[in-house]
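Visitor: Here it is, the structure in full.
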Ligand code: GDP
Ligand code: MN
């Protein structure tokens with residue numbers, strides 16, 4: 001789960017990190033009020049789950065309360081990389097030119113099977129850019145998850161990164177950042193920029209904080225921070241049904257299967273057949289007709305989907321239950337796109353009999369998954385091609 005800047009800052013504050021003062025606003029009037037309360041220049045900052053807000057026009061320095069109001073008006077409602085800004089953080093501005101901008105962060109690092117602390121004197125800008133162009137400017141240090149980051153290790157990293165200022169204070173901030181990351185099961189915590197003022201004191205101006213979704217049961221106090229509007233509407237609907245569903249970009253074949261492994265395979269098979277999967281959908285083991293019905297309904301709603309590939313290996317899942325669910329969707333007028341299925345195993349013959357009875361060209365069964373996927377891919381691609389010709393004609 002990705003946190004907003006103001007939420008990540010709240011956690012860092014709880015761990016004793018020196019964080020720039022700020023308050024959240026939802027209207028330009030609130031923005032102006034906060035600026036008046038501070039009696040100082042402020043920065044108005046879009047709260048959306050993407051990086052690079054500054055470059056996208058979502059972070060604006062505001063010298064007066066009226067300017068803050070104006071910037072609030074501009075930023076609230078703004079679209080940043082497909083996300084609408086509903087909230088801004090209004091921070092008490094610092095004089096960046098009177099100090100330096102550094103970077104510190106900690107991530108779960110598969111390569112070292114542990115956490116890696118990163119530090120760079122090249123903060124403020126895109127750290128990804130630094131990593132790509134001048135990787136030697138980022139210090140990497142493996143952190144033991146049992147002991148955590150110890151102060152002497154943090155000081156050594158600060159020195160190696162070439163940090164100037166009060167190195168004890170900066171190292172202390174690294175230790176606190178790592179404590180927050182470990183305690184909150186974070187997969188990523190960054191402070192960028194880490195501003196160090198003329199007296200050498202560090203201050204966190206921005207943070208990215210992401211918590212491992214699989215650890216959310218240990219952080220029930222943060223459950224309210226999960227925001228549904230940030231997810232795809234179909235993913236929200238899928239979570240209501242309890243499906244493991246992921247919407248995929250640029251796809252045209254809806255995919256559903258029983259089990260994560262078979263669905264992953266199905267995505268590969270669709271790709272190999274020359275089309276692109278529009279989603280991942282695992283209906284789980286032992287699904288009854290109603291679950292299949294809901295799954296077909298969900299995938300059919302996706303306007304990207306031009307054909308559906310169903311891949312079931314019947315063990316505890318009965319093929320006839322799958323067939324019943326698909327047939328009911330057809331009868332209810334929900335199913336309007338071709339379904340190409342491979343259902344093998346338990347009750348396969350019963351499923352075949354049920355489908356033969358319905359005898360609809362929209363639902364076809366194939367003896368193996370390659371044939372079913374190839375057919376779905378062919379039809380989806382034909383429909384996509386027809387649709388794109390239509391849009392060209394309309395222009
Ligand atoms: P990001 O673009 O999403 O990473 O958002 P940041 O919070 O990092 O802000 C982008 C840039 O705005 C920073 O790199 C700073 O240069 C600048 N900035 C942020 N806070 C302040 C501030 O208090 N004063 C000044 N002068 N600039 C700031
Ligand atoms: Mn930043």
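Every residue, even glycine, has its Cβ placed from backbone N, Cα and C.
Quick paste of what TrEMBL says about this protein:
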DOMAIN    9-220  domain 'ATP-grasp'
BINDING   45, 52, 53, 54, 94, 101  ATP binding site
BINDING   192, 206  Mg(2+) binding site
BINDING   258, 315, 316, 317  substrate binding site
Visitor: Do you know which of the binding-site residues 45, 53 has the most other C-beta atoms within 10 angstroms of its C-beta?
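Guide: Max Cβ neighbours within 10 Å, all protein chains included: 45.
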Visitor: Hey, how far is residue 317 (substrate binding site) from residue 52 (ATP binding site), Cα to Cα, in Å?
Guide: 46
Visitor: Which of the listed binding-site residues (101, 206) has the least company, meaning the fewest other Cβ atoms within 10 Å of its Cβ?
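Guide: Taking 101, 206 as the binding-site residues, the minimal 10 Å Cβ count falls on 101.
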Visitor: Of the binding-site residues 53, 94, 206, 316, 317, which ones put their CB under 6 Å from ligand 1?
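Guide: Near ligand 1, sequence order: 53, 94, 206.
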Visitor: Max CA to CA distance in Å over the substrate-binding set 258, 315, 316, 317?
Guide: 10
Visitor: Cα within 10 Å of residue 53 (ATP binding site): which of the binding-site residues 192, 206, 258, 315, 316 qualify?
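Guide: Close binding-site residues: none.
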Visitor: Taking only the binding-site residues 192, 206, 258, 315, which one has a CA atom nearest to the CA atom of residue 45 (ATP binding site)?
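Guide: That would be 206, the closest of 192, 206, 258, 315 to residue 45 (ATP binding site).
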Visitor: Near ligand 2, which of the binding-site residues show up if the criterion is a Cβ under 6 Å from one of its atoms? Options: 52, 53, 54, 258, 316, 317.
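Guide: Near the molecule: none at all.
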Visitor: If you average the pLDDT over the domain 'ATP-grasp' (9-220), what number do you get?
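Guide: Overall, the domain 'ATP-grasp' (9-220) comes to a mean pLDDT of 96.
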Visitor: For residue 316 (substrate binding site) and residue 52 (ATP binding site), determine the Cα separation and express it in whole Å.
Guide: 48
Visitor: Which ones are near residue 192 (Mg(2+) binding site): of the binding-site residues 94, 101, 258, 315, which have a Cα within 10 Å?
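Guide: Those close enough are 101.
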Visitor: Work out how many Å separate residue 101 (ATP binding site) and residue 206 (Mg(2+) binding site) at their Cα atoms, rounded off.
Guide: 11
Visitor: Give me the CA-CA distance between residue 94 (ATP binding site) and residue 206 (Mg(2+) binding site), in Å, as a whole number.
Guide: 12
Visitor: Expressed to the nearest Å, what is the distance separating residue 315 (substrate binding site) and residue 54 (ATP binding site) at their Cα atoms?
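Guide: Rounded to a whole number, the Cα-Cα distance is 53 Å.
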Visitor: Other residues with Cβ within 8 Å of the Cβ centroid of 258, 315, 316, 317 at the substrate site?
Guide: 259, 285, 286, 287, 312, 313, 314, 318, 345, 346
